[in-house]
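Per Swiss-Prot, the features are:
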type: BINDING; residues: Asp286, Asp290; note: Mg(2+) 2 binding site
type: BINDING; residues: Asp286, Asp290; note: Mg(2+) 1 binding site
type: MOTIF; residues: 286-290; note: motif 'DDXXD motif'
type: BINDING; residues: Asn430, Ser434, Glu438; note: Mg(2+) 3 binding site
Amino acid sequence: MDATAFHPSLWGDFFVKYKPPTAPKRGHMTERAELLKEEVRKTLKAAANQIKNALDLIITLQRLGLDHHYENEISELLRFVYSSSDYDDKDLYVVSLRFYLLRKHGHCVSSDVFTSFKDEEGNFVVDDTKCLLSLYNAAYFRTHGEKVLDEAIAFTRRQLEASLLDPLEPALADEVHLTLQTPLFRRLRILEAINYIPIYGKEAGRNEAILELAKLNFNLAQLIYCGELKEVTLWWKQLNVETNLSFIRDRIVECHFWMTGACCEPQYSLSRVIATKMTALITVLDDMMDTYSTTEEAMLLAEAIYRWEENAAELLPGYMKDFYLYLLKTIDSCGDELGPNRSFRTFYLKEMLKVLVRGSSQEIKWRNENYVPKTISEHLEHSGPTVGAFQVACSSFVGMGDIITKESFEWLLTYPELVKSLMNIARLLNDTASTKREQNAGQHVSTVQCYMLKHGTTMDEACEKVKELTEDSWKDMMELYLTPTEHPKLIAQTIVDFARTADYMYKETDGFTFSHTIKDMIAKLFVDPISLF
């Protein structure tokens, strides 16, 4: 793509002008939320007497974005659910929800629990819409070889699509539409809260305290996000003043949206800010090396990043020199924000960028030599690191607490299989969404073109195959997510969250490059508070 074809920012200085509510108003919101939290905590403790009630309450809190307030209580409840057989194993809704929540929290539960819901010919026997939704969502926690879950997805999707032809209760119809668009486990958690709050508000059995808390919780989080957006937008504006890079994608708000989609809890504010800056810097590097610079200039930039010292800027043409110096200054400022005990983590930010430009350099060589990787596996080995998912996910850990140790970062730099599954998902989704645009622009060969050339297929056929490979990568991720390791579970959870963001951003098109496609959802997340009445 000609760099001049990138549309300008849709937000401009909107968030620079952000003014937070008065301290008394914010204090009142916080005080009310704290009262409601304790009321809901009592409800959660009372639910331990009945497994179905406990499961319903846990999934409700998760979908409304409230579960982080009750991590200990939920973990204790699910341990009880896991060890107890006191539930109706003939109730598909309960069995599916139990399976979903236990797997989500790392408990090994066999998918054989679903075989009893099939008839003698192997067909599922269920026509209740609520049960279908529960089974469909549970089945997406599948790993390789779980044929019963593959069959469950195919069956329930057909049934749910057919159910929309009949009149459904409004809340249930909304649920079906949402689920067919994206199964529950793959949805961005903060966007799920935005979408589910009005659905929950329509439910006859809703808990008013939970509903009010969900609204207040979101509105308070939104205030934090807007403060962060003001900070990163000012940083981005300063980059533009010092570098005048008119050819790049101006997407700082979209970068922060992406990071918030993966790390939405209030306590990860520094994580979001650092990761947003890293994502923006990666975007600049990508636009420089992929669409604007000559091969010689791109290689000089890569060499300067390998050296990581101010005098390396003398290697570079003017437009790169200013950016390079701003890059170094930004990473140094991240060290200042982290403080003396965590500033060592900026070393890993530098290493991640070196990995990125090393892969980009390889892709440029392929492009210049008209080389097409012989297999998609070969392609992913080199192109996985250049999609940026590894760098962005790891940069989010830099701003997190002491639970993320030096050993954690060293492990991440070895490319464990969980990280590889993230890179593969992001690369395959990105290529499927952007292959036509990038092929027309003469950029490097994508996994889609690689498959087309190897197998002699059409682009549409190749895209379908790449979608199948994406599902295989999700199965890899689920398997690895369920495998215990010595590293904090937060790492695996965050990596899965970043896979969800890739699924959202590239579901229909390249939502990051063509950001008008996600503008309405950005407004819901950052601009429009939820009415309390």
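Count begins at 1; order follows the chain as displayed.
Using the three backbone atoms N, Cα and C, a Cβ is placed for every residue, glycine included.
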Would you count the other CB atoms within 10 A of the CB of Ser434 (Mg(2+) 3 binding site), including those on all shown protein chains?
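Taking all protein chains shown, Ser434 (Mg(2+) 3 binding site) has 21 Cβ neighbours within 10 Å.
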Measuring Cα to Cα, how many angstrom lie between Asp286 (Mg(2+) 2 binding site) and Ser434 (Mg(2+) 3 binding site)?
14
Across all the protein chains here, work out how many other Cβ atoms are within 10 Å of the Cβ of Asp290 (Mg(2+) 2 binding site).
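Around the Cβ of Asp290 (Mg(2+) 2 binding site), 20 other Cβ atoms lie within 10 Å.
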Within 10 Å of the Cβ of Asp286 (Mg(2+) 2 binding site), how many other Cβ atoms are there?
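For Asp286 (Mg(2+) 2 binding site), the 10 Å Cβ neighbour count is 17.
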Do you know the mean pLDDT across the motif 'DDXXD motif' (286-290)?
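That stretch averages a pLDDT of 92.
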Tell me the Cα distance separating Asp290 (Mg(2+) 2 binding site) from Asn430 (Mg(2+) 3 binding site), rounded to the nearest angstrom.
15
What is the interatomic distance between the Cα atoms of Ser434 (Mg(2+) 3 binding site) and Asp290 (Mg(2+) 2 binding site), given in whole Å?
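So the Cα of Asp290 (Mg(2+) 2 binding site) lies 14 Å away from that of Ser434 (Mg(2+) 3 binding site).
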